[in-house]
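Notes follow once the structure below has been shown.
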Amino acid sequence: MENELHNLIKVWISAIISLCYCFYISSKLPKGIFKLFSLTPIFIFFLYLPLTVSSVHLVGITAFFLSWLANFKLLLFCFDQPPLSPPPSNLFHFISLASLPIKPKQKTPSQNKSKPPQRSILFAIKVLILALLYHCYSYKQNLHKNVVLAMYCVHTYIELELTLALAAIPARAMFGLEIEPQFNEPYLTTSLQDFWGRRWNLMVTSILRPTVYYPIRRISTRLVGSRWAPLQAIIAVFVVSGLMHELIYYYLTRVAPTWEVTWFFILHGVAVAAEVVVKKVVPEKMRLHPVVSGASALGFVAVTAVWLFFPQLLRNGVDEKTIGEYCKLMDLLKGLLPF
């Protein structure tokens, strides 16, 4: 673990140096092909960096933040698109915006109001559930593998949400930056479109819209007209998301891709496009109740995930490695605590 931490430090020092080059050199170039050419070595380098780390957690974080988010943000930067354009005057802000899931703080009247009690209660419940899951991992050898898998999935969702929520506190106070929300209570979804567009992995959604959805929709409008262009753009977004997940799976497993996770996202892209068509054709009063459509959407996600999303991870023992690393970390923390 100590060696892995050293590797992680080297990775992020290299990333920071690379982003300094982007800030001081590439930002001075005109948008378009010249800026894109200047950033091509950075794109390649950020794709390489996760290969220098082996811990499942550290690989996942590095791949998601650098190979996916940073590269896509820099791609937008090539054409003077937000969030990196216009470039922040402060180098630290530029590096933070490029490499982390954050956005500039936007003050609104609601920010001055206290958080609703329901949110605080939900936060406390999720902390308790996470603590219970940590405890249950000690008995995972006595549990069915599907139960352990379900525990791991819930654990991943809750930990990501809580970690980002806690990280937002010093970010607001010290740097005036707001952490992008990772999830928006996905279990309250009312449809597949609602699940993927407004509730699940919102950082990815916000970066795929300007990099994939809008350009494809503009091109498709000229080819097939404005009526069908959004459907092609939706499917394109899911194809790109599937390919990026396939890349992250390679970082995690270091085995050749099987394309199962890509087909998972293609299937969901087609399903979301079909749902959009149905909503246009079927009057609102004749649609399913949101509770029914939401439950159906979650069921579809669960069934297709078991079929296509998880098999590659399970075959290569990524779930066991992940749980094992969590348990080792908890044992280490217990040894450091005086009680």
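Glycine is treated like the rest: Cβ placed from N, Cα and C.
Residues or ranges marked as domain 'Wax synthase' by TrEMBL: 180-266. For 7-26, 120-137, 149-175, 228-252, 258-278, 290-310, the entry in TrEMBL reads transmembrane segment.
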- Other same-chain positions with a Cβ less than 8 Å from the transmembrane segment (290-310) and lying at least 6 residues past its termini are 149, 187-192, 194-195, 260-261, 263-264, 267-268, 271, 319
- Item | Composition by DSSP (helix, strand, coil) of residues within the domain 'Wax synthase' (180-266) | 66 helix, 0 strand, 21 coil
